[in-house]
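> One structure, as structure tokens, below. Some questions next.
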Number of protein chains: 4
Amino acid sequence: MAKSRFEYVKGFENHPILLPNTYIAVRIDGRGFHQFSKEHNFTKPNDVRALNLMNQCAKSVMEEYTDIVIGYGESDEFSFIISKNSQLYKRRESKIISCIVSRFSSSYVFYWKDFMGDVSLKYPPVFDGRAVCYPSLENIRDYLSWRQADTHINNLYNTCFWLMVQDPSQKYKSEKEVENILKDTNSSQKNELLFSQYNVNYAKLPEQFRKGSVLYSDKRNVTEIGKNGKEVVRSRRVIVIDHCDIIGKEFWEKHPHILK
Amino acid sequence: MAKSRFEYVKGFENHPILLPNTYIAVRIDGRGFHQFSKEHNFTKPNDVRALNLMNQCAKSVMEEYTDIVIGYGESDEFSFIISKNSQLYKRRESKIISCIVSRFSSSYVFYWKDFMGDVSLKYPPVFDGRAVCYPSLENIRDYLSWRQADTHINNLYNTCFWLMVQDPSQKYKSEKEVENILKDTNSSQKNELLFSQYNVNYAKLPEQFRKGSVLYSDKRNVTEIGKNGKEVVRSRRVIVIDHCDIIGKEFWEKHPHILK
Amino acid sequence: MAKSRFEYVKGFENHPILLPNTYIAVRIDGRGFHQFSKEHNFTKPNDVRALNLMNQCAKSVMEEYTDIVIGYGESDEFSFIISKNSQLYKRRESKIISCIVSRFSSSYVFYWKDFMGDVSLKYPPVFDGRAVCYPSLENIRDYLSWRQADTHINNLYNTCFWLMVQDPSQKYKSEKEVENILKDTNSSQKNELLFSQYNVNYAKLPEQFRKGSVLYSDKRNVTEIGKNGKEVVRSRRVIVIDHCDIIGKEFWEKHPHILK
Amino acid sequence: MAKSRFEYVKGFENHPILLPNTYIAVRIDGRGFHQFSKEHNFTKPNDVRALNLMNQCAKSVMEEYTDIVIGYGESDEFSFIISKNSQLYKRRESKIISCIVSRFSSSYVFYWKDFMGDVSLKYPPVFDGRAVCYPSLENIRDYLSWRQADTHINNLYNTCFWLMVQDPSQKYKSEKEVENILKDTNSSQKNELLFSQYNVNYAKLPEQFRKGSVLYSDKRNVTEIGKNGKEVVRSRRVIVIDHCDIIGKEFWEKHPHILK
């Protein structure tokens, strides 16, 4: 067969390797999810069903790729941190990005019904992905802090925005007008606005919205059916979904094994 | 907000660009599909439902990314060729790979039921992806020829393998034994074996199995419902699925616009 | 020996490959040559000795690396074009850049005396280097045109600038003032200024200054001493240094073999 | 001017960045120095003049690029370690490699006469270069240990090899024969051979040959001419050239600032 004549094209491939002994952060991000969330009537500013679906997809990724030591998600994005000493796909960049994005994307459709009930999925969604290396513990913690700080900023803004846009008195004419008002406010002004105009204490809103979702593997007591057919409680490694602060050191002191 | 303190981590990102004025071949490949096809009882050596599902996913990718000028698929892999002058995602490698893999993967679950009927999908599948640049027309045609030559080699082998493994007389003890017999045969010996032992004329098997699937955009007459409620036939650009030879020049002479 | 314990560090190396079947342009550029040319009293705007030294260094590079098909230089920069099918250092980017820069730099000191006479070299100069791939004949010709167009722009400007700065009547107070005058002029105004104020016909200035230097390998009759001790004229491949237009097609029609 | 029409070619450049917060090891290596050392009659196995010239070139590099915190050299190679937080050339890989290689190469010719006396340099030498990132202190120390362990292995071998090749009794017929004898010996056998056959105690050979050269910046008392014209001793930062062990921890405990 004429195999050999064409095979030279394989020589055009490059296989960039992610630097060994660094944490790899793979971040995926929904493409066109502004539009997607409208077409599927997501509740604004936060649709808890859609957020839980994202978490389930992340769990599915982490069950498949056990070198991921922690996942962090908010809105339509998720970050996965791969351990420093991982040899996953020999640390080949395109393999690592594509496989994680692929599993997340197929999971999104696979688990859609379990979370979105009778909202029917109109078309297959797209997530992009990228991989970034972080050499030190400080760097990778700062990466996660960056994403969680972003969650806070975005959620506070969105909480104001949607309450104002949906204000029953319709005192704001348009989304544009609301944007213009909000763009000149700082955090405490937004907190004040929420409280004075809508009687909302931002600090009392669900942690899932304010902190995002933190996924990691931990030991938990799990009830199982033993050989004798009776229930037994066993300690098992499971993927835990939490909504806690990961900027401060408390979480990391409690879970020192995660970033080793 | 503590945004600025953490934001420096963005500086660790690299955004490699795929060389301008080159064809980009993005190839995706099912991971663990040997196992996946077993668990979902795919017919061997070719499951026409699963192949058609792959084609539907490819079509879904090409409808989303119109800079893809041709797609070619076989078994659990698909190649997409992006035009030389495409500025898709500014030719950023990780964006291009991840978005195409993502759309393909979510489509695979989304369209599963339409093709696999009541075979239930057991878990979300994973496809990996890579991108390779080819500078010249000759290179990109050789790339496609390489994949189609591979289809031929694999399909001839697999046709022999599965007929022998499933031989009703059970004359071969194991898959291992069949592998050992086949590894020392050339193409014409395999053709001969098929004909003499199983009365199979390889050249008469469906082209979809022997040639793989070629997808490209072309004008076709499409029947639509006009404004007056009556059927009208209009010429529209649609994604065509073909199973033809793309190694020889005939196809390319007939479709000169594809690679320009 | 403790060799094995440390050897793992080799695994941190990446070896990016320059895309096959593309022209490779390696451009080197003097670092801090504004200062360097002052300290060594280079004639302004053009020091023909220094330009000829640059050409000699380029020749030295091209004699060492025969996969370079053409070189183009101006001021303190030089571009070297490597043929599309070159396998030099397996097309490894860092090897190609570093070796060309190295040979150029060591040549600059090695040949200094031959061109700069009794101007003594005060310190070892530094050139940086980069490599860029160009897929098509049009691209690589445009690259060379870009550099030659730049030569024209820079030389016209510098010719005006230095005549004005060195104006015997000292009518311009400072380099700053001259810059301010020139920045709002176009090409024809600069030509006019040269002619009216300094009686300089720009088009009559040496081609080496206006066109830069073009180096390529060509057959030339060379006088050699034959075995019988007598002079013979033989046709030999030599590196030719020319100062001609390479933007138009004339040069390329005359030398079709260079870019094949 | 037709500038704009060609300028698009700049868009083909890629500027890969060396990962922030990692040590950068730039290693340069003489090309064809086996031949080069023959043509310039270097003493074998070690030519102290040539080694000192290499050290002078390294010093010249480190005086120009003060972000280099330590240099280590042996034979015709030199490694330069750039600090983790360096922003040299925005950490652009090709700039960093090319500039260091360039300065080293031009220095080699510039300082040749000072070290090689009346041995005349026959042609401009070439050094290649590469850059590798190391994330942790352990990694970069292991890198340096790797190079020094290599020095030991090579020097022990070369000491045996050249004594045997130059054996006054001419008992070995050829370099090939010596190679064959040596390839099956371990370190202690080589030590024994040196002592028994040539009365050479390897451990007593100059440290420069056995340990290579370590360059770093340190405070030293320097005698200068003060304003009053008299000599004064001042503490100054200078590049120190040492030939000490850098595998063990002693050196690093004594110089904790080098790798911070």
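Any Cβ shown, glycine's included, is placed from N, Cα and C.
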> Among A:ASP76, A:ASP114, A:ASP118, which residue does TrEMBL annotate as binding Mg(2+) 1 at the site that also has A:ASP29, A:GLY30?
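Between A:ASP76, A:ASP114, A:ASP118, TrEMBL records just one in the Mg(2+) 1 site with A:ASP29, A:GLY30, namely A:ASP76.
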> So, by DSSP, how many helix, strand and coil residues make up the domain 'Thg1 C-terminal' (A:138-247)?
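Counting residues by DSSP class gives 56 helix, 25 strand, 29 coil.
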> Take the domain 'tRNAHis guanylyltransferase catalytic' (A:6-135) and count its residues per DSSP category (helix H/G/I, strand E/B, coil), listing them in that order.
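Secondary-structure breakdown of the domain 'tRNAHis guanylyltransferase catalytic' (A:6-135): 58 helix, 31 strand, 41 coil.
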> Reported as an integer number of Å, what is the Cα distance between A:GLY32 (GTP binding site) and A:ASP76 (Mg(2+) 1 binding site)?
10
> What count of other C-beta atoms do you get within 10 angstroms of the C-beta of A:ASP29 (Mg(2+) 1 binding site), across all chains shown?
18
> Run a quick check on A:GLY30, A:GLY32, A:PHE33, A:HIS34, A:SER75, A:ASP76: which of these binding-site residues have any Cβ-Cβ distance to chain B under 8 Å?
none
> Of the residues named as GTP binders, A:ASP29, A:GLY30, A:ARG31, A:GLY32, A:PHE33, A:HIS34, A:SER75, A:ASP76, how far apart in Å are the Cα atoms of the most distant pair?
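Max span of the GTP binding residues, Cα based, is 13 Å.
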> What is the average pLDDT across the domain 'Thg1 C-terminal' (A:138-247)?
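PLDDT averaged over the stretch: 94.
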> Return the residues near A:GLY30 (Mg(2+) 1 binding site) by Cβ distance under 8 Å, restricted to its own chain and a separation of at least 6 in sequence.
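Within the chain, A:GLY30 (Mg(2+) 1 binding site) has Cβ neighbours under 8 Å at A:PHE36, A:SER75, A:ASP76, A:GLU77, A:PRO125, A:VAL126, A:PHE127.
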> Tell me the Cβ neighbour count for A:ASP76 (Mg(2+) 1 binding site), meaning other Cβ atoms within 10 Å of its Cβ, over all protein chains shown.
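For A:ASP76 (Mg(2+) 1 binding site), the 10 Å Cβ neighbour count is 20.
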> Across all the protein chains here, work out how many other Cβ atoms are within 10 Å of the Cβ of A:ARG31 (GTP binding site).
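Other Cβ atoms found within 10 Å: 20.
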